[in-house]
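Per TrEMBL, the features are as follows:
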- 1-55: region 'Disordered' (REGION)
- 1-12: compositional bias 'Basic and acidic residues' (COMPBIAS)
- 16-39: compositional bias 'Polar residues' (COMPBIAS)
- 65-92: domain 'C2H2-type' (DOMAIN)
- 93-120: domain 'C2H2-type' (DOMAIN)
- 121-148: domain 'C2H2-type' (DOMAIN)
- 149-176: domain 'C2H2-type' (DOMAIN)
- 177-203: domain 'C2H2-type' (DOMAIN)
Amino acid sequence: MRENKNEEEQHHFCTSAVSSKGCNNRSNVSAENAASLASMSDADPIAGPSPMNVESQLRPEHGTFICPECGKSFSRKDHLVVHHRTHTGEKPFPCVQCDKRFSTKSILTTHLRTHTGEKPYSCDKCDKSFSTNGDLNNHSRTHTGERPFPCDRCGKRFSRKSYLKDHSRTHTGERPFKCPICEKAFSTSSNCNAHYKNMHNEK
């Protein structure tokens with residue numbers, strides 16, 4: 001698989017513009033579980049407001065909080081609250097400059113830099129700057145050649161975890177991204193987006 005530096009931009013298109021029309025693989029939470037978790041309001045200084053009161057709904061076992069949807073455990077309540085939004089799709093943090101919403105304050109803060117143009121993370125090897133520390137780390141590997149993410153099936157290595165995920169599907173045959181118009185399935189969000197634009201005249 002050829003690594004593409006525009007992959008993150010393409011992925012953003014899929015999760016923001018296309019996913020509203022169905023181009024994603026997120027499962028809906030069952031009505032029964034959603035109802036049981038939405039009974040009380042709980043605000044957290046890090047995670048923000050949540051429809052679920054973790055302390056009343058879930059008793060920590062051995063210092064952990066358990067997700068009722070997938071069983072994943074967390075040592076902190078606010079981490080579980082944020083994780084649970086991957087199941088519910090809840091996005092309680094709106095951008096004041098556009099109509100986008102986000103699941104955490106930190107993601108909103110990062111998004112706001114697309115409006116302000118702020119890029120506080122600078123590369124010490126060239127003159128490029130980035131809006132997030134993660135983007136800077138990814139960029140730094142273009143200088144070092146580091147590929148810290150190996151495929152456990154064929155040994156091929158990748159500079160980004162997202163590239164490894166996409167590559168892994170060449171082994172599994174998984175195609176989790178569906179076109180919202182014709183329902184053709186793709187192994188990567190970038191391929192789904194390219195198909196959507198080229199075949200369905202998305203501008």
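The backbone N, Cα and C atoms fix where each Cβ goes, and this holds for glycine too.
Sorting each residue of the domain 'C2H2-type' (177-203) by its DSSP state yields 11 helix, 4 strand, 12 coil. The DSSP breakdown of the domain 'C2H2-type' (65-92), given as helix, strand and coil counts, is 12 helix, 4 strand, 12 coil.
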